[in-house]
Amino acid sequence: MFKLNGTVFMLSVLTLVGIPGLESVQAWIGIPFCAMYIVALFGNSLILVIIKSERSLHEPMYLFLAMLGATDIALSTCILPKMLGIFWFHLPKIHFDACLLQMWLIHAFQAIESGILLAMALDRYVAICHPLRHATIFTHQLLTQIGVGVTLRGALLAIPSIILIKCRLKYYWTTVVSHSYCEHMAIVKLAAEDTRINKIYGLFVAFSVLGFDIIFITVSYIQIFITVFSLPQKEARLKAFNTCIAHICVFLEFYLLAFFSFFTHRFGFHIPPYIHILLSNLYLLVPPLLNPIVYGVKTKQIRDRASKIFHSKNAS
């Protein structure tokens, strides 16, 4: 790291503050965060095991759920170990390239999760609005293509952000990042150069991924509700609506937290930094925690299989 005229030239190591303003209580904050991480790992791993071992669950809805669980495990693992290192062991240093790698992984997995949620919404749309065509449309080949497509979309869209930081930004005001993980705007704000292109690309990715996905998810569920409420039998309406409740809960929790975190980081100048950082952390930790709980409670097949596993362990 070389200093030039008060700026920092060619960063080699960054310092992650954690949660600005709450440094004295970060060790205590780490306890619920660690508990959330453990529950998320256990819940998502359990769902993966159940879906893998139960052949009757090898259907599009459950295979998408398995993709979501794997993504949640990867996303939470990208941030929690380092975050707990800051909170508990006072290890705030991170190499610049490692920070960029963490940033790429976080944003790639966020985009992948959004793509999977869109695929789940389209699956429910076809299953409810066009049930006779569902099996012919959502084949295993299509599921593979969707999985590869959303993965490539997330990975490729996040790469230019890294390149723009690495190649364009050479001078920085400080090496201290007021965040608990390497977030795109938190790094860009350190630069002592023109960052308009970086900010514009960040906005483009956010609206092209989250904006695109949420529009199609909303349209899909509008069509689903129109179809459900037009069913003649009350039992059929309740059954169809019940299959969508878990998905709707997951969509709301993911996108509400995502957009709140996104807009407060760019436009929430009057919001205290610790509130924004806490919400950013919760945005990455709450969905992996709640997704297996929501689907476990609302999905009868997964709930029954999980109860069998625990009852057999208790019996033995």
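Placement of Cβ uses the backbone N, Cα and C atoms for every residue, glycine included.
Feature list (source: TrEMBL):
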| type | residues | note |
| --- | --- | --- |
| DOMAIN | 43-295 | domain 'G-protein coupled receptors family 1 profile' |
| TRANSMEM | 28-51 | transmembrane segment |
| TRANSMEM | 63-89 | transmembrane segment |
| TRANSMEM | 101-122 | transmembrane segment |
| TRANSMEM | 142-165 | transmembrane segment |
| TRANSMEM | 200-228 | transmembrane segment |
| TRANSMEM | 240-262 | transmembrane segment |
| TRANSMEM | 274-297 | transmembrane segment |
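For the transmembrane segment (101-122), the list of distant contacts is 61, 64-65, 67-68, 71-72, 74-75, 78-79, 82, 94, 146, 149-151, 153-155, 157-159, 161-162, 181-184, 187, 205, 209-210, 213, 216-217, 220-221, 247, 250-251, 254, 258, 284, 287: same-chain residues at least six beyond its ends, Cβ to Cβ under 8 Å. Most Cβ pairs under 8 Å with the transmembrane segment (28-51) belong to 274-297, among the candidate stretches 142-165, 200-228, 240-262, 274-297. Sequence-remote contacts of a segment are chain residues at least 6 beyond its ends whose Cβ falls under 8 Å from one of its Cβ atoms, and for the transmembrane segment (63-89) they are 16, 18, 26-27, 29-30, 33-34, 37, 40-41, 44-45, 47-48, 51-52, 102, 105-106, 109-110, 112-113, 116-117, 119-120, 123, 143, 147, 180-181, 250, 281, 284-285, 287-288, 291-292, 295, 299, 302.
Summarised as a single figure, the pLDDT of the domain 'G-protein coupled receptors family 1 profile' (43-295) averages 89. Proximity of distant same-chain residues to the transmembrane segment (200-228), defined by a Cβ-Cβ separation under 8 Å and at least 6 residues beyond the stretch ends, is recorded for 107, 111, 114-115, 117-118, 121-122, 124-125, 128-129, 153-154, 157-158, 160-161, 164, 184-185, 188, 237, 240-241, 244, 248, 251, 255, 258-259, 262, 266.
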